[in-house]
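Here's what TrEMBL has on this protein:
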TRANSMEM  A:20-42  transmembrane segment
TRANSMEM  A:54-71  transmembrane segment
TRANSMEM  A:77-98  transmembrane segment
TRANSMEM  A:110-128  transmembrane segment
TRANSMEM  A:158-178  transmembrane segment
TRANSMEM  A:198-226  transmembrane segment
TRANSMEM  A:238-257  transmembrane segment
TRANSMEM  A:269-293  transmembrane segment
Amino acid sequence: MTFLESFLGALTLNAGYNTAVVSIGAALLGAASGAVGAFVLLRKRSLVSDAMSHATLPGVVIGFLAGVWLLGDGRSLPLLLAGAALTAGIGMISVDWIKANTRLTEDTAIGTVLSTFFALGMVLLTVLQSLATAGQAGLSGFLLGSTSGMLSSEAMTIAIAAGVVALIVLALFKEFALLCFDEDFAGSTGLGVRRLDIALLTLLLAVVVIGLKTVGLVLVIALTIIPPVAARFWTERVSRFVPISAAIGAAGSYAGACLSASAPDLPTGALIVLILFALFVISMLVSPVRGLLSALLRHRRFQKIVHLRQGLLAVAHDEPILEPITRKLLIRRGYVSGDMRPTEAGWSAARRIDRDQALWNLWREEYPDEAHALADWSLKPIDEVLSPDMVADLETRLAPHDAARAAGGAA
Amino acid sequence: MAKKTGGSFLKEAGRGPALDAKSPFAVSGLTVAYDRKPVLWNAGFAAPEGELTAIVGPNGAGKSTFLKASLGLIPKLSGEVAVFGRPIDEARGDIAYVPQRSSVDWDFPATALDVVTMGLYRRIGWLRWPGRRDKERAREMLALVGMEAFADRQIGQLSGGQQQRVFLARALAQDAKVYLMDEPFAGVDAATERAIVDVLKKLLAEGKTVLVVHHDLETVPVYFSHVLFLNGGTVASGPVTETFTAENLQKTYGGRLAATQLAALHEAAGMKT
């Protein structure tokens, strides 16, 4: 079986029961962390997950030791995750406490907590390894993540936990949105801002902990940051932003897990992060909403419209046309001949644009506020933008102007 | 500001207005300090029902702090707040708050309509989504501030005045009894100023009680019936006709208000001295 065949088999859930369960678990994990990460990004606290993930390491080692002591085997996933949650929780409270009670900012608190807890974890890990207990090799999987050899029961645990997290996000959706947009207003309506913040951070803690086994503690932050950052390119509505972020997280994690199933030597977490990054680059480039290419195209189209319009206005007023772009555009459209003499079509287009511009100018004089807010004014034909009665009204008001201009010309 | 002789005085001074069960919004003995630096000392005020009150004072006088601490958005050292005689936490539905425009990130993924709908969240309640009727109501509120055409515009693409109107529409959607507004007139265009004044008139006509942090002294007698002078505490408060005096302005602003400005205000208001 070639690599591609096995990858496609995994993608279509045809690579055996275990691989299918692991991949679905990864997808749910990606969806949950994408959704939680979306709100954390809007709350501008994305880096907190970095402190949390590094603070899991001492807990993982403690969980392992507890497993050896209680069950005779350290590789009990529930115990490892419980330990991770314990120390990550302490890390989270430390960050919060430092921020609330000192003059330090959150990023310095994060840096301090992150490095201290990770250092403690490394010391504990080394001590553990010197004890030469069986099964400790599995712990390195928590550093970089590995789905190879993951039991379907473990994958099921991850899937269920991720599903619960996603449901809670759904239940608190509008409260989280309000908290992230306007915490003062939220507080004034009696919403417990502090409790909601703790809820959000606890959900973040949950996805970090359940993501450890799959993505690893070094890279789990990517799972909560890259999907929302990519999703932000696609929408201007929070009601779509969060689901899109969840979808990107799910797609990246699923594809990464499938890839890892076909190439078990490669680290799962790193594969997932690379795929997420690819999705991010695609979003940044091609999204029609906030993507770079569409912005570029919009700008080019805008520039063309402006030049064509100004060229035709110059034709209408018999002014010279100097700009090369304008000349090229007018010639290409057949509005002027090669020696810049207007054609019949050019004259009629110029008269139409002149009339249109006069109406727009009048409208702007009458309704300056609306002109300020209306993006398309004077770039599109006025009857495509304003209502017919408004245009008719402007036409009648323009008549005296015309009469005055004609009178002025005669005199 | 009254001289303080100790905790007992604080309490005593605080008792009067808090017992004013009739006032829609009564604050007493409000003391707030940021990191040991006092911002407000023993500030108190009982808003008269159905009136427009301007809160004025120099920069750093604690005007925004007065509103925020009253609402419980920042911690206070002492003080009581009563809404129609009830503790504020039992009367959140009666209050609508318009924060300063600069307090939020306008790049947030939301449309004008989304933001106005947030004013209905409390009434919609937990575990429920805004329905079609909520959206319609939000649209009506946008129309009241002349913004119906911008309902689907991302909020970051609105002008400052339009953003202020969206905030106002959100507060209107709350259908509260007491409106607290923090500098709604700051940095807005003339059309928005008119729109805000229209909203204030409408609220007044409906018998609502409105407190507005305001920075333009000249328009105080034009727009408002009552005034609260703040500078680190309550300096004076009462009807504009009696309280908006040169003496109180001098007490609040000290040397910061030039004699020429006072004279101009005199003329604008036909002020009593």
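Heads up, the Cβ atoms here are built off N, Cα and C, so glycines get one too.
Automated prediction, rather than curation, is the source of TrEMBL annotations.
On a predicted model such as this, the values are computed, not experimentally measured, just so you know.
With pairs at least 6 apart in sequence, the transmembrane segment (A:77-98) and the transmembrane segment (A:20-42) have fewer than 3 Cβ pairs within the 8 Å limit; the two do not touch. Outside the transmembrane segment (A:77-98) by six or more residues, the chain places 48, 51-64, 66-67, 70-71, 104, 106, 108-110, 112-114, 117, 121, 142, 154, 157, 201, 205-206, 208-210, 212-213 with a CB less than 8 A from a CB of the stretch.
Of the candidate ranges A:54-71, A:158-178, A:198-226, A:238-257, A:269-293, A:54-71 has the most C-beta pairs within less than 8 angstroms of the transmembrane segment (A:110-128).
Long-range neighbours of the transmembrane segment (A:269-293) within the same chain, counting only residues 6 or more positions beyond its ends whose Cβ lies under 8 Å from a Cβ of the stretch, are 26, 30, 144-146, 214-216, 218-220, 222-223, 226-227, 229-236, 248-249, 251-253, 255-257, 259-260. The highest tally of CB pairs under 8 A with the transmembrane segment (A:198-226), across A:54-71, A:158-178, A:238-257, is held by A:158-178.
Counting only same-chain residues 6+ beyond the ends of the transmembrane segment (A:238-257), those with a CB under 8 A from a CB of the stretch are 10-11, 22-35, 37-39, 42, 147, 166, 169, 173, 177, 180-181, 214-215, 223, 226-228, 230-232, 268-269, 271-276, 279, 283. If you look at the transmembrane segment (A:54-71), the same-chain residues 6 or more away from its ends with a CB under 8 A from one of its CBs are 79-88, 90-92, 113-115, 117-118, 120-122, 124-125, 128, 133, 136, 139, 142, 208-209, 212, 217.
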